[in-house]
């Protein structure tokens, strides 16, 4: 549409050469463009015409040549090996955020929606897929080895969701209860490995249709595993692309955590089919709406499909605490960020958009209640379908449905960075308990001393030992200090804030309030998610220098009877951070002894082999505990790991998938060059990407300096897929003091190659985070700062 007379058309275009372009007004002569002026910095091209194009509609035709690149973005090639060992390439796409412009010239912004009619001319023995179903397939006139495949017209949609794939694949298919054709495409010969994802997808589509009360809008959906893939997955409408490890499950060789990961990622990407694809954010500032929402509802969906995963407790450890860790830093950013240049968009695909986004939506859902929340969601999706929306529009719909001041509350969580620390003390007055609450911004660097006093509107819930699972009081804290009276609370009853660890804040109890909660950890009367939240708050307060680490380690002793996997997993992370800090001191050996003391009772209870009646969470817990004991050098664990590894390598007794990571990491940590060679051989022989990744992630555990170098060199070799190099280097950096130094030096020495390989993108940010994370002195801080001043990495 020409909105006003002009002789230029400006559109997005990157790494594309335009040969000819013409504009034909409806019912009139076509005019050929006489100039193409590329603004490469801005990824735009200006087409100039010899005469003025008048107001009205017309057709723009462009003949161009693009490049099938190796950058894992735009239209790119992905290398794979056939069952007979030949190397071949598939052609695949990844357009989010701003790379559709590498595949064809377009207006590459989420709010400029259009319909797409796609045809692909491909070798006739290849599979060709796009967003919609195939409507025609005919021989290509100029070459008998080619066919032209034509796809149905898409609904009105954004460019970043367009997709096409050409390659060799097998598939499994099913129809969901609501009649949608679901297919999972796998590498040739591995169709079997698509079945788990297929079951999840077929269950999930009706779940979302029911939850949103809006049907899935397309006739089909394909889920496909791509060999070289930078992200975890991408929600292209009707053709969702995945890393192999996020989609493929081999009943014999996949571990429990892989199944859970696949279920979550499938749930996440399918949620986007409504939230993101049907209704799209207005601009990248509102990206968090897409990602935060999908990162929350993926858990709702997995909880529906697999109640035995106890997935909401895992949410707290995986998303909530991760977001709080990042958001307590002085250089965090608000959930809503203004975004200008495309290179800035990459920066916001981080734990704030995803995990803090998901956490505040979980808090909001809890504050509104499920019924009104669903009503509001339906209102929003119906009102904006095939259109674009901003954060305010969602608040508006939820406010209408619930009658609560949603925008006022939520703006304090999305428009300012950070979150509050709530200090609470209690006083007994006859049969009542009087609580005094004070909120202040929580900072990782210590008590907040800023000039301004940021304030949050905090939904507070309080429970007592009367009923630890039910709120005795709920109140919205909308000022800096608040005094509350809990009626009929006897002196011997404990009081706890933040029931279910749903509110996005940390709590600091007065010493006597904390003291009274310790028995409730020991006898498990406090629910798992509350036990987890309590110790996580304590560890963060200690790291921020607000309370003493000694106090926290004393509380740790109350966890002797802990049965819950997720609580252990979070404890284990916190001890890991502490042990990394202590590696800079003379107390590193002592903390290893402490870790062995904490983990050996549970290790002995669990043993090595699954017992009858055990489930998913027992398998995860066993892997966690044995790995922790093995790494710390627990004698019995190390000996058993070596024995089982030997049997595994000799083919006498293959290790179950759930035991492989803990065994591998244990024997490497205490191994020599022969151990490393054996692991590298296992890597080469592994047919499954999951097994290759499992090995890549633990290779860094090896301790001898010359072997550490060998692992780092291996990271950049042909043996490792480009997207996985990062986890090999990260594994080295995270395993030991020597590894940390070596990995950082390696990144500096190979910076050109690494930076060019990832071209900005979020893999480079992940690499940097993993390699500098463990340092803890000013000299290193200065060195890191100086390096990036001379080697800028905006993303």
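Placed from the backbone N, Cα and C atoms, the Cβ positions cover glycine too.
Per TrEMBL, the features are:
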DOMAIN    1-161  domain 'Aminopeptidase N-like N-terminal'
BINDING   268, 272, 291  Zn(2+) binding site
ACT_SITE  269  active site, proton acceptor
SITE      354  site 'Transition state stabilizer'
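Structure with TrEMBL features highlighted.
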{"residue": "268", "record": "Zn(2+) binding site", "Cβ neighbours (10 Å)": "26"}
{"residue": "269", "record": "active site, proton acceptor", "Cβ neighbours (10 Å)": "27"}
{"residue": "272", "record": "Zn(2+) binding site", "Cβ neighbours (10 Å)": "24"}
{"residue": "291", "record": "Zn(2+) binding site", "Cβ neighbours (10 Å)": "23"}
{"residue": "354", "record": "site 'Transition state stabilizer'", "Cβ neighbours (10 Å)": "23"}
Cα-nearest neighbour of residue 354 (site 'Transition state stabilizer') within the listed recorded positions, 268, 269, 272, 291: 291
Mean per-residue pLDDT computed across the domain 'Aminopeptidase N-like N-terminal' (1-161): 95
Cβ-based neighbourhood (8 Å from the centroid) of the Zn(2+) site, residues 268, 272, 291 excluded: 235, 269, 271, 275, 276, 290, 293, 294, 295, 298
Pairwise CA distance, residue 269 (active site, proton acceptor) versus residue 291 (Zn(2+) binding site), rounded so that it is a whole Å: 10
